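As recorded in TrEMBL, the features of this protein are as follows:
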COMPBIAS  1-12  compositional bias 'Basic and acidic residues'
REGION    1-44  region 'Disordered'
COMPBIAS  28-44  compositional bias 'Basic and acidic residues'
DOMAIN    154-454  domain 'Calpain catalytic'
ACT_SITE  C183  active site
ACT_SITE  H374  active site
ACT_SITE  N398  active site
REGION    631-863  region 'Disordered'
COMPBIAS  639-649  compositional bias 'Basic residues'
COMPBIAS  650-681  compositional bias 'Basic and acidic residues'
COMPBIAS  682-691  compositional bias 'Polar residues'
COMPBIAS  694-711  compositional bias 'Basic and acidic residues'
COMPBIAS  729-739  compositional bias 'Polar residues'
COMPBIAS  793-808  compositional bias 'Basic and acidic residues'
COMPBIAS  824-842  compositional bias 'Basic and acidic residues'
REGION    898-930  region 'Disordered'
Amino acid sequence: MSVHSDENDDVHNTVALPIQISLNANQRRKEPPPPPRKIDKHTPQESINRFWSKFYAKYPGKVFTVLPENPYAQKKIAKVPNGVAQAQRAVRSYEQAREECIRDVKRIIRECRRVNQKYRDPHFDIEWDLKKGRRYCLEGLEKPDEDYNPKAVKRVTDIFEDPQFFIHGPTAGDVIQGNDGDCYLMAALCGLGNMSGLINKICVIHDQAVGVYGFVFHRDGEWQQCIIDDQLYMTAPDYDESNMERIMWDTIARRDTEEEYRRTHQTGSRSLYFAKCSEPNETWLPLLEKAYAKAHGDYASISGGWTGEAIEDLTGGVTSEIYSSDILDKNEFWVNELLKVGKEFLYGCSTGQHADWLEPNRPTNRRQGIHEGHAYSIMDAVEHTIDGITYRLVKVRNPWGNTGWSGAWSDGSAEWTPQWMERLNHKFGDDGIFWMSYEDLLRKYQRLDRTRIFGPDWRITQQFTSLHVPWSADYHQTRFSVNVTRTTPVVIVLSQLDKTYFAGLQGQYNFKLQFRVQRVGDEEDYIVRSNVDYYMTRSVSTDITLEAGSYFVLMKVTATRVGGPTMDEIISAHAEHMRDKLIQVGLSYDIAHAKGVIVETEKEVEQRQWAEKAQAAAAREKLKNEVKARKEKVWMKEKKSRQRRKMQDRKHEEKAAEQRSRERGDGYQSDKKNFIDRSECHSSNVGNGQATADDDRSFAEELNSSHERSEGAQTSTTSDPKETPIESPANNTRQSPRSNDAVADKDSTTSSADKTLHDHPPTPKVQVNGIDAVTDVNLLKRRPAPLAPRTTLDGKLEMKDQDKRENQQEADPFTEPQWSNSDTESKFSWRTDLDYDSDEARSTYARSEQGRDWDAGEESGPEPWNAVCVVGLRVYSKDPDLSLEVVRPHPYSEVIKPEAGSALDRDDPAKGAVAEKWAKTPLRGTFDSE
């Protein structure tokens, strides 16, 4: 049994072993060995430098015009100021936009009354757009995150029974947010409702009967008008176009089913799909929201934003972010900042921006009734002292029109008494308005938006420019120069273009702005720098009082690549199927970016012309040196090739001379000795690069030529007259273009050798297999001829095909240099006519060479870095003579020297490492002894 068991085990092992080996083999096949590692022939620093040289785009720039031949953008570019910009009244731009809006609306009113038709906006016809399924008024080039599903479109006079633009004036209590995610805009309007006249400034003119309304908004430093008709989106469909709603409505018998359906579902503010007023017949809010959406292109473009930016768009003010945890003196902030709400400042507040950083997928929560990620507006701040106790209370409103704070001082809390209700004029209700203490405000709201409102005594000076933003963020060499003529308070704003106006064409980069102010001549310190804004990236600002003098504003722009399609990919994808929408967004893009087109000053034009001449001269000299180097390389190659062929010929001639001497028998030793002496002399001359013309002929050639000359007078009786005599090596000597002196030397040397050899007795010819030995030697000597270049008819050396190709690739496009192939020349000499060629030809050649090198060096990898940002600086002050100028570095200088202001910030971590130590090291022996 044990044997049988052993046999079974052996069989089992025998069968299992190949299976295991096969499995291992399959596993090995699935895991191929790693590819051999490439050997990097560069130093680590060279590898890093090569990476950065390929990291940036070879053709940097920015698309400034999307539409072809856009006359509006060209007109805008023509108005871009160059040189020094002077201060003007801050309200001047608003006054111009208001006058234009009133004039255009009146023209529309006259035209509509003439043709007896209500106004229909051809550029923002929401009814036609909705029912045709285009949805250009609802959505942009990109698909929005949320779907908009309005069911109908009606005019104001068909929606409201007694429509009124204002009822008791615009107030914060009128605002109720609709189905768009523009809570920030609603919060801003709530804040504006607390300052008398601000909303009236936006709503310039309207005609309710004609159905036309004119508004103005602030965009990128200037006011612009926006005219709309009175069509609004509805929540419920029309009775005749409805399906499910009509079936359910018709189940109940009614006297007038259609009219009751309209009054129930399509009448008053509650029937609107987007924002609405709390009053059933008030219309200013939905129409203002529509105008704001049209100015941005569509309703999707205004979904999501910041309250401070919306207040800027509605007032032309300047907003700063304030974080409650960063307030140093809370008492001073209350007295000098928050108590001025509704007078000098407007405030918005929010919380919970990073509420989900621990759990990204968790839903938003309420913090005692306060919604996370939702915008609120601060309407009022009061301080009362009762019985020695000071109460600091803040009035806040939720733009949703419902829900509010549930803590202390909320509606129905124990803090309220009839006296406090009367003192604060407060009523309980679900209207979104609530009170809370100042301490709870700072504790529950993490972020405040403070917007300064400018009065008629303020002046504004502004300039725009475009910057190429490097990957390594640092203060840019382009800067703004501000000249202040008197001591004045100033508000400095650095802003970029608002991308929400051309959503879909915003590009592949996001930019974050910073700046600092320093006095001209003081390179070691700066006066103030901008506030740090983490959310509102559109602009940064600071306010300070400046004395008379000149100042620099240094900019620091940080770019972040967000990816996405390129501009040409977006245009090619939408040009065919979304032509009208692309024209709308592209027009807004072109007009905005016209501000960033750099218009050269007279000084910059002179610098450019001078630099172009210098660059042309440098390029001409560089090209001439490159051509010379290529020609010298060809010359050296030819020289080495000639020397190599000459040495090969000499070896063959030595062998032929030895064989010929052995066949003659007599005089072999003496001839060999003479030949060796001559060969050594020839080798030494070739090694020194000073070979003469007589060295081109060997001793064997001279010997054969002497025999043929001595036998030339006798008639040969042994040769066959039909046979053509083989050419003598003396007649087959290579010829090369040499100077006349070299040819004369050759002739004199040849004659001397013939005279010396004439005294020797004739050597008898020996026949071997019917062929003369001398002739046989000539045949042997001709065998290596393919190694040497053949002589053409024009006396030039014929090179091999490979040498021809190499020289053709390195040929010069302008002229052929003149050099000598004689080995007697030890140095390369040439002449060229490059200096007399046209600059245009040289520039064309240089560009083609440069482009070819760039294209050949491109490799697959990430798209090169090409970040360009259009920025503008606005300076608000009370100095009427304040001036502003853009100072750019020399754009044609290869190396830009560090200028004043390039020092690091005080709190930069590298500041201590690079700071200069002014204290000198004390000399030895100067320390006090203890």
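Each Cβ is built from the backbone N, Cα and C atoms, and glycine gets one as well.
TrEMBL: automatically predicted annotations, no manual curation.
Feature map: TrEMBL annotations on the structure.
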residue	record	DSSP (3 states)
C183	active site	helix
H374	active site	coil
N398	active site	coil
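The active-site residues listed here are C183, H374; among them, C183 has the most other Cβ atoms within 10 Å of its own Cβ.
In the predicted structure, the domain 'Calpain catalytic' (154-454) carries a mean pLDDT of 91.
With a cut-off of 8 Å between CB atoms and residues at least 6 apart in sequence, the same chain places H371, H374, Y376, G404, G432, I433, F434 near N398 (active site), listed in sequence order.
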